[in-house]
Amino acid sequence: MLRAVQNGVFMEKPVMIALDFKDRGELNQFLEQFPEHLKLTIKLGMELFYGMGPEIVRDMRQKGHDIFLDLKLNDIPNTVEKAMMQLGRMGVQYTTIHAMGGSDMIRAAKRGLVAGAREVDLPTPKLLAVTELTSISEKQLSEEQNVSLPMADQVLSLAKLTSTAGGDGVICSPNEVSYLKPQLPEDFLFVTPGIRPAGAAKGDQKRTMTAAEAAKAGSSAIVVGRPITQSEDPVVAYQAILSEFN
């Protein structure tokens, strides 16, 4: 089960803070605003990881944070399996692939994570598959990807593929969770970006909800970036969203 910690109390559903910063200086400046005892669930994406490498993961682990390493791998199965072995050795809690890579790739990714984590005697990271990015609209799905299914059915198809191939959950819009959840295993995870406070600008996200709406829909965890990282008081913003979600 997903867990986050606030003031020593376990919360079942974490708010994953998307740390989309360009360098260590910005990252440290942001994290220094949080009390040391407050252990976060943080999402490290392509920008930070490609700029700083595995060192950033080691640093965040030493601070006691849970890490969602969001690299969205999508390649031939052998390549993905070998890459996931490396990620499995790093001690992250969650990582991602694209579900559109297919069942063989998803199985290979899981094998790699299991093998890598076993080598260093660590728990296997949760393997989450990206379905359709929350920046994709129904119109783009139809006209650019040539998918005739409605968005919800396309996401369901990819989620079922992920589940049968051994993935632990999906990244999807909160708008789709209530439709997906009854049709997938009880322990399957639904991690949802596209979270915005009521009245906030959507930015490049097309399919959004508030934290409270995502909780009602059944999201297992939510990913929140700018509403926290660009807030005047990130700690207050984080705690408000965490409380709203739980």
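If you go along the chain as it appears here, the first residue is 1 and each next one adds 1.
From the backbone N, Cα and C atoms, a Cβ is placed for every residue, glycine too.
Bear in mind that TrEMBL entries carry predicted annotations, made automatically and left uncurated.
For reference, TrEMBL has these:
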DOMAIN    14-241  domain 'Orotidine 5'-phosphate decarboxylase'
BINDING   ASP20, LYS43, 70-79, THR134, ARG196, GLN205, 225-226  substrate binding site
ACT_SITE  ASP70  active site, for OMPdecase activity
ACT_SITE  LYS72  active site, proton donor
ACT_SITE  LYS72  active site, for OMPdecase activity
ACT_SITE  ASP75  active site, for OMPdecase activity
Which secondary structure state does DSSP assign to ASN74 (substrate binding site), in the simple three-class scheme? coil
Just counting, how many other CB atoms are there within 10 A of the CB of PRO77 (substrate binding site)? 18
Of the binding-site residues listed here (ASP20, THR134, GLY225), which is spatially closest to ASP75 (active site, for OMPdecase activity) when Cα positions are compared? THR134
Roughly how many angstrom lie between the C-alpha atoms of ASP20 (substrate binding site) and ASP70 (active site, for OMPdecase activity)? 11
So if I measure Cβ to Cβ from ASN74 (substrate binding site) and keep only same-chain residues at least 6 apart in sequence, which ones fall under 8 Å? VAL80, ILE97, HIS98, MET100, GLY101, MET105
What number of additional C-beta atoms lies within 10 angstroms of the C-beta atom of LEU71 (substrate binding site)? 16
Quick one: pull the CA-CA distance for ASP70 (active site, for OMPdecase activity) versus GLY225 (substrate binding site), whole Å only. 13
